[in-house]
Amino acid sequence: MTRYIFIVGGVMSGIGKGVSCASIGKILQSSGHKVSAVKIDPYLNSDAGTMNPVEHGEVFVTEDGLECDQDIGNYERFFDQNMYRYNYMTTGQVYHSVIIKERSMYYNGKCVEVVPHITEEIIKRIELAGAKTKADFLLIEIGGTVGEYQNMVFLEAARIMKLRHSSQVMFIMVSYLPIPKMIGEMKTKPTQHAVRALNSVGIQPNIIIGRSSAPIDNPRKRKIAIFCNIGEEDVISAPDSDNIYEIPLNFEKDKMSQRIFFHFGMQTKKGDLKEWKKFSNKYRRLTRPVKIAVIGKYFSTGKFVLSDSYISVIEAIKHSSWSLGFKPEIHWLDSEEYETNPEKLKELKKFNGIIVPGGFGARGVEGKIKVIKYARMNKVPYLGLCYGMQLAVIEFARNESKLKNAHTTEVDPKNPHPVINILPEQEEKLKNMNFGGSMRLGTYPCELKKDTISFKAYGEKNILERHRHRYEMNNDFREKLEQAGLVIAGTNPQKNLVEIIELKNHPFFVAVQFHPELKSRPLRPHPLFREFIKAAAKRK
Ligand code: GLN
């Protein structure tokens, strides 16, 4: 029997609902239960692939090739478990399937309505996820905050599920408790209003997680309890933490799992978070820094700098650095600055390693190429991810193979030296404006060449990695590039596509067509990131 825990947001977004959801799952998993999660994105987009990363954060990719919300990445990292298509749902997907059914007379002449047809489709999808995963606990994170039009229909579906299976469903609200400077006191009123809003759609939370800059004291717990109609012990304090992996431990300080078992009428089982604790506590003791520069362009919205667009890259750096005993310092560098001010390149000297992560389009590309050239010539450890590999090939072709102005057809379709070219099956898709979910997505095999850095890192010949791209290295130029010293360290055995390039006579220059960052887990750092950090730490 699957028990369903709905996680809803109150007061405002961006306060860590996804990490809360992942943390609750982690705790329940640690007590020997099977857990899984569903993220509901209340957007009309069918998936996250068409959303701008600056607005929506990183596009995560599952094994089975779904482009989804970054929270799925949090679930994978916290549960150490792969997620699949059924772990993600958008408003767009739900409406789309109802409309398709309507066109095929599935509803037998009935008027098709938001309630019950959309709500039933939502419930069906949630129950399917429960059945597919055979989870004891399925956490369902409803995106957005209560009171928005956008997620109303999902709350309605959740209410109906509670009505049908009362003992199998519970609600947790993640709310925000501001401490305004001019008052100097933690205020509970916004949370009270959020709970009223939730009550008005027929839902009463069982537990409230109070996010704030400080822990919740007892008088405030009492206040929340009485005004929000819950027990004091059901108010869980969630103060800001600079290490997300500590959050499950923080929740347990307020006995989160005990409260969940209580609400489901289950016996309390003590969880074993020893390994997790060891891993997340380590971070406080680390002093030896490793300075990594990440060169990208999806950072700024107005005056604010966001790193959410590269969240998996950040986490992968952390996993490896922590496991090797280093304190990572990640520096965000805007690729466009190297185009207008080449002098800036000199500043790269101070970093131990450089990463060029995935990206699209022409903006910032020449800046990234300059940085890659710097890393190659000055022997700075370099890890290229997807676009970071394609641009490394371009840089090498231009400067080592004398293919002047070589480029990718993504930026320069008429280039005489298209060392990076569109995949044949992608050409048709672009012509037909078929942009949604149509890239080379998900897991593909890769065969490694012996005596390469990659082969040593993985310790095996055949690996599987996740992809998200339309372009690839052009095999017509392979020989020429190899003659100039480029090492083809990994290829896809079915299509003979180049998946990894490396350089000799360099402490670490590895660039991959796939996204290793998506598969790095806290207690199982990704081998390429691990070797990259190792090499970086050695650099003076
Ligand atoms: N823009 C490149 C492509 O489509 C790289 C994609 C990426 O970095 N994810 O092939």
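Here the Cβ of each residue, glycine as well, is placed from N, Cα and C on the backbone.
Because the structure is a prediction, the values reported are computed rather than measured.
For the L-glutamine site that TrEMBL gives as Tyr387, Gly388, Met389, Gln390, Glu410, Arg470, the extra residue drawn from Gly325, Gly353, Gly359, Gly442 is Gly359.
Cross-referencing Lys39, Lys221, Lys223 with the UTP binding residues that TrEMBL gives (Ser13, Lys187, Thr188, Lys189, Pro190, Thr191, Gln192) picks out Lys223. Per TrEMBL, the candidate among Asp69, Asp71, Asp80 that belongs to the ATP site alongside Gly14, Ile15, Gly16, Lys17, Gly18, Val19 is Asp71. The two recorded residues, Thr188 (UTP binding site) and Met389 (L-glutamine binding site), show a Cα separation of 50 Å. Take the CB of Met389 (L-glutamine binding site) and look out to 10 A: across all protein chains shown you find 27 other CB atoms. Proximity of the recorded positions (Gly16, Asp71, Thr188, Lys189, Gly388, His515) to ligand 1: a Cβ under 6 Å from the molecule is found for none of them.
The DSSP secondary structure for His515 (active site) is coil. Here the Cα atom of Pro190 (UTP binding site) is found 44 Å from that of Gly388 (L-glutamine binding site). Secondary structure at Glu141 (Mg(2+) binding site), as computed by DSSP, is strand. Residues near Lys223 (UTP binding site) in space but far in sequence (CB under 8 A, at least 6 apart, same chain), listed by position: Thr188. Within the set of binding-site residues Glu141, Gly388, Met389, Gln390, Glu410, the entry lying nearest in space to Gly14 (ATP binding site) is Glu141 (CA atoms).
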